[in-house]
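Trainee: In case it helps, Swiss-Prot gives these features for our protein:
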MOD_RES   MET1  N-acetylmethionine
DOMAIN    1-125  domain 'PX'
MOD_RES   SER113  phosphoserine
MOD_RES   SER116  phosphoserine
Amino acid sequence: MEVYIPSFRYEESDLERGYTVFKIEVLMNGRKHFVEKRYSEFHALHKKLKKCIKTPEIPSKHVRNWVPKVLEQRRQGLETYLQAVILENEELPKLFLDFLNVRHLPSLPKTESYGSFDETESEESSKLSHQPVLLFLRDPYVLPAASDFPNVVIEGVLHGIFYPHLQPR
């Protein structure tokens with residue numbers, strides 16, 4: 001699992017004074033989703049985590065300080081905090097995974113399974129993000145080979161698949 005906090009924004013509210021929202025990017029098993037959290041939510045998580053695992057220090061909250069430089073330092077500190085929790089703990093607590101909106105799948109014995117893969121899918125937030133492993137610049141079956149030399153292996157395989165009743169030349 002990889003966690004980053006690429007940005008933050010100031011949110012104004014009619015009911016209370018404004019606050020800062022941190023955008024958390026979570027990458028897990030080739031999937032990426034975003035979660036937005038306030039500093040108070042990070043602080044509440046930290047208090048709960050301290051009871052069950054060893055936690056790094058959380059950046060301090062400067063009371064009502066919306067100076068961009070201070071907020072950027074806090075963003076970096078919170079990102080480092082999340083990454084340190086992941087690095088220092090082999091098994092992450094459920095409340096940490098819930099904070100990041102990650103579905104917790106307990107490890108099962110090899111004889112058990114979850115049924116269909118679709119049941120373990122999370123909703124919209126888990127879109128695949130991957131890169132192609134193999135890329136053809138031209139269709140190898142439609143366009144002829146650029147070289148004049150015949151590809152004996154491919155011809156043999158195609159001959160064996162499509163014309164098994166004929167003897168090779």
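Note that Cβ sites are derived from N, Cα and C of the backbone, with glycine treated the same way.
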Trainee: Note down the number of other Cβ atoms within 10 Å of the Cβ of the residue listed as 'N-acetylmethionine', including every protein chain shown.
Mentor: 14
Trainee: Averaged over the whole of the domain 'PX' (1-125), what is the pLDDT?
Mentor: 82
